[in-house]
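Straight from TrEMBL, the features:
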{"type": "DOMAIN", "residues": "18-222", "note": "domain 'ABC-2 type transporter transmembrane'"}
{"type": "TRANSMEM", "residues": "36-59", "note": "transmembrane segment"}
{"type": "TRANSMEM", "residues": "65-86", "note": "transmembrane segment"}
{"type": "TRANSMEM", "residues": "107-136", "note": "transmembrane segment"}
{"type": "TRANSMEM", "residues": "148-169", "note": "transmembrane segment"}
{"type": "TRANSMEM", "residues": "176-197", "note": "transmembrane segment"}
{"type": "TRANSMEM", "residues": "236-254", "note": "transmembrane segment"}
Amino acid sequence: MTTERRHPLGRTPGLRTVTALVFREMATTYGRSPGGFLWTVLEPVGGIALLTLIFSLAVRVPPMGSSFALFYATGLLPFLMVLDISRKIAQSLSFSRQLLFYPGVTFVDAIAARFVLACVVHALVFAIVLTGIILYDNVEPILDLPRIVTAFCMAAGLGLGLGCTNCFLMRRFPLWANVWSIATRPLFLLSCVFIPFDALPQGFANVLWFNPIVHIIGMNRAGVYATYRAEYVQPVYVALVAAVLFQVGLALLYRWHRDLALR
């Protein structure tokens, strides 16, 4: 008579490992820092407040709707989400370096844990900030939830793809972290955070169209402003860019993750 040898972690060891890493991430990232999760909410709130103050002094009405804060929130929240998720994924090997030497933990588990937690946190930030602005400014937008969710998924996917590629590049070539930091600084000005894509000069718009973050912000605004059509938005393009970056990054990590973990 034979007996089934059960895995010590149960039938889904990978899921249990990711769950444990998520709780570890929560404790180290939000449990020990002053203010914890509060700072994650205050960062976009501060940026939105600053943009609202500056541009409300320069122009009388926002480019869309009647609320400056809501307009800038629809651009800043997905923009910060892409950069934050890509940064967290890029640091996955460094953050969980010691745990990767255990046989039950893989670099995929480390990436999945950081990705899941980052998405949950940004979903909460989206809900808290947008709800707060709607109540404070007393606006009544007609929300298109499918479009908002699509924009959220586009931002999450692009952040994951960028993060996986950068995870390899930053561990393999430490100088790349500085190069990436410098290269992304103009993104705030080149992602249509504070001006609609449709308001740009045609030649400039044709170039910025290839920035996938422009499509994400456009989709998000189309979900908040019922009259905004955003015909230039192509979710398939964003998905393709995210998928290519993810596949390239994952392939490189599979090939080099053991060497990178020792660095």
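Keep in mind that glycine also has a Cβ here, set from the backbone N, Cα and C atoms.
Taking pairs at least six residues apart, the transmembrane segment (107-136) and the transmembrane segment (36-59) share three or more Cβ pairs below 8 Å and count as touching. A Cβ distance under 8 Å defines the sequence-distant neighbours of the transmembrane segment (236-254), meaning residues of its chain 6+ beyond its ends; these are 107, 154, 157-158, 160-168, 172, 212, 215-216, 260. Within the chain carrying the transmembrane segment (176-197), a Cβ under 8 angstroms from the stretch's Cβ atoms is held by residues 51, 55, 63-64, 72, 75-76, 79, 83, 166, 169-170, 205, 208-209, 211, 213-214, 217-218, 221, 228, 230, 232, all 6 or more beyond its ends. Residues of the same chain lying 6 or more positions beyond the ends of the transmembrane segment (148-169) and with a Cβ under 8 Å from any Cβ of it are 78, 81-93, 111, 115, 118-119, 122-123, 126, 176, 180, 212-213, 215-217, 219-220, 223-224, 235, 238-239, 241-246, 248-250, 252-253, 256, 260.
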